[in-house]
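Below, the features straight out of TrEMBL:
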type    : residues                                               : note
DOMAIN  : 5-770                                                  : domain 'SecA family profile'
BINDING : Gln177, Gly195, Glu196, Gly197, Lys198, Thr199, Asp692 : ATP binding site
DOMAIN  : 179-338                                                : domain 'Helicase ATP-binding'
DOMAIN  : 617-786                                                : domain 'Helicase C-terminal'
Amino acid sequence: MSLINTILKVFVGDKSERDIKAIKPIIEKIKTYEGSLASLSNDELRAKTIYFKDIIQQSRADQDAKIASYREEIEKTQDIDARESIYANIDSLEKEAYNNTEKVLLDILPEAFAVVKETARRFKENEVIEVTATEQDREFALSKEYVTIEGDKAYWANSWSAAGKQVTWDMIHYDVQLIGGIVLHEGKIAEMQTGEGKTLVATSPLYLNALTGKGVHLVTVNDYLAKRDSQWKAPLFEFHGMTVDCIDNHQPNSPGRRAAYAADITYGTNNEFGFDYLRDNMAHTPDELVQRAHNFAIVDEVDSVLIDDARTPLIISGPVPQGDRHEFNELKPAVAGLVEIQRKLANGYLAEARKLIREGNTKEGGFLLLRSYRSLPKNKALIKFLSEEGVKQILQKTENHYMQDNNREMHVVDEALYFVIEEKNNSVQLTDNGIKYLSQGGDETFFVLPDIGTEIAKIEALKLSKEEEAEAKDKLFQDFGVKSERIHTLSQLLKAYTLFEKDTEYVVMDNKIMIVDEQTGRIMDGRRYSDGLHQAIEAKENVKIEAATQTFATITLQNYFRMYNKLAGMTGTATTEAGEFLQIYKLDVVEIPTNRGIARDDKEDKIYRSVREKFKAVIDDVVKLSQEGRPVLIGTTSVEISELLSRSLKMRGIQHNVLNAKLHKQEAQIVEEAGKPGIVTIATNMAGRGTDIKLSQEVKDRGGLAIIGTERHDSRRVDRQLRGRAGRQGDPGSSQFYVSLEDNLMRLFGSERVAKIMDRMGLEDGEVIQHSMMTKSIERAQKKVEENNFGIRKRLLEYDDVMNAQREVIYKRRKHALFGERLKVDIANMMYDLCERIVESNKMANDYKNFELDIIRNFGINTVVSEDDFNKLDFVAIANKQYDIVFTAYRDKSARSAAEAFKVIKNVYENNSGSFERIVVPFTDGIKTINVVTNLEKAYQTEGASLIEDFEKNITLTILDEAWKKHLRKMDELKQSVQLAVHEQKDPLLIYKFEAFELFRKTIGEIDSEVTTFLTRADLPVQQVPEEGGQVNA
């Protein structure tokens, strides 16, 4: 902490103290209500919920009445401008009503929180609670084991099943848990230490916000926690007549999933909430939708969801034309050979470097060492040599020399290599040597992209005929496309072989490549690396290469959660990323004090030279701790390390459990046993978040749970989570991290300082250094990585923000088309925009004849704008005049179509209404035909008008969806192509924003044109008899 911060803290207190001080008066108010609520009967306590709901309803009654009145007005209004104005008024009233509700929630918060606490107390102190049975109680009794009905009484038991285990309610909210609840209601992040009962903290704000009837979402990191917490906490809410469900209990797009969203409180996993949103935006009828408006969400383990998972967007994809065509298998042998030849080269340079450095020639030795490092940085022999005294400094000094002046001299190092690996940037670059090796015995230009500009100039200089020149240019572009794809495939294969390791970045299960989440160690089911990298790894591991896919819908979790009116979160570790939460999500982090002091002993890191020494020390200490009767939890960073430690412990005869990405199904059971005396548990970073490790008194007396970290993680937050597994609720415990200079973190970002200190002390093999100064150096290295990762996430978000603005426009139009109520305004705007574009382009070219043709082509009518008016009037006046004609013609045509269709509809309805519920009516513009499904009875009652509305909906949705899919594919291609701008010293993001805007403008123009053209030109085929659309029993 700086001197200024220390002085400020003395005078104004730190942020945490100020936050808690502001909340304390609300806690005192809650306590005043506690006394009065304790004297109420069970029925009177339950009546409070009805009382709260009435107050909320009254606060927005005026706005609701006005909105209802406006909706009636819309039905009677045909004028498009008037409709648009009414919709704007409705939106404004909705905001007003929401703000009123939020004010009321703040007013009733102390009493509502006291009601939840009193309910928890009664469940804890009574095995059965008796109340007067309501209709809701009777409904619950049919499906809930803990509710029984006898006459006019309902009996609520305090014991029930949660995630297959019988639980008895034994919790009452502490003050710190109520403080956490207030923070959540305010739309902030509550940082609470592990073991402080975060699941109970959420109950108060969930209850309070569910009173609005607008739905509240509790988001968790995995389906086990979602299902367990929804069942564990449900009776607390259901006792007050609220409904609780979990989306992960039901299949997507099912009635059960729809009912789960309709519940007052909905639990679920982050991915399922996101995917449901995307699926909803691919629905073709309102009945297919599952989600409601995004009102309020509390995200459990918010750091995991909004930070760790934020780098991977959610994608719904489908087949791409010719997606199974690729060259992975063809190029694989060449790439494998290239990697092998470079491996031999790297080992040769390393051997020579070692010899020269030992002879004292550090200049030439350093040069060859850098060559070996840029050949294969993950080479185990190289990593071992770098941990020797002074070697790392030689490498860094040499690298700094060649990197100066923007890598001006680095080509001297790289020219002998076949490819160059930049491990920090996760990139591989093929060199001229590599291209020569791959092209030997064949076409030398096989992997060389033609220079388009030069080649076009050559073709034009040949003075060919127009047809021959066009053919030559086509051949050039085709050659460029094939080679571009080939080089991309090659690059991804090189990455797969050199940067992605089996059992670290991914595992092979059931003949499939499964990605392992680097932050949590969990398998990311259903996720694939993008851009052909997944297929490259499939080729490398000899498993089936899946066909390429194209994106149908995509969103980042960041942009999904930013849609909520109010967002809150809770976690044990958020302060290290407080800046990111504030900058990206506008979420403030509030540290909540612990209920009891922390008694855990966090030891300084033990630092060794090599991985071998480190793991030997880990095994020795684990054996010692286990024999003392203390449970041990070993945290590892990869599946590979967890399996290595498991083998070592087996050799020492120590019984243990392993929890990693391959064995995640037994997670809850393994974590439950992890607190028993002498039990050793090896876990990847996932370490059973959200599952309590319970300790017996015997274990507490022996020193509690011992945490062993086998490596410092890239993020301090993940290390804090691991430490936090021990010392819950004042329990004893200890945590110890073991670090070696060969660890990834130390290798890539570890400061020279650590290596220098170890050299100066002249440590022998196996000796350890343990000092606060060293621990701080490691934390500085972690900070570098965190800043780097934040940059990556921020960049991803900046790219997705461009897409998000476009997605909002498309999805808003989609929603209007799906529900139909605002569609007429959208269609009128599309018609006007198209008229404007036609007028503008022809007015600029001063081409009246083409203007006439464009009007006929697009709208199927003649223009009434004379050539004289076209030359005399400005383009806005012409556009307005033309739009009036187009809109009037379309309205008249729609009325005629409805009247024509009604003759047939009337006949079918009056003679066969018992046979058909829906009918199919075809519309054609003479080129393509679209079948429109409409409700027979509604079409009859509206005299064909509802058929025209269904026609408009159907056309708009069909064209929108096709255009959006095409647009997403172009955006994917654009994202890849702009990366080349780096070589021209330009910012790819700026180019991406500009090009994406142009692409979207073009897409919107095409949508407007296609929708308008089909609507104005399409008609019913003459004397067409509708077909049956859905038969119902008479």
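Just so it is clear, glycine is given a Cβ too, placed from its N, Cα and C backbone atoms.
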Restricting to the same chain and to sequence separations of six or more, state which residues have a Cβ under 8 Å from that of Glu196 (ATP binding site).
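Glu196 (ATP binding site) has long-range Cβ partners Val176, Gln177, Gly180, Gly572, Ile592, Thr594, Asn595, Arg728, Gln729.
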Other than its own, how many Cβ atoms are within 10 Å of the Cβ belonging to Thr199 (ATP binding site)?
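A count of 19.
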Which of Gln177, Gly197, Lys198 has the fewest nearby Cβ atoms, counting only those within 10 Å, among these binding-site residues?
Gly197
I'm checking region-level scores; what's the whole-number mean pLDDT for the domain 'SecA family profile' (5-770)?
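Mean pLDDT, the domain 'SecA family profile' (5-770): 85.
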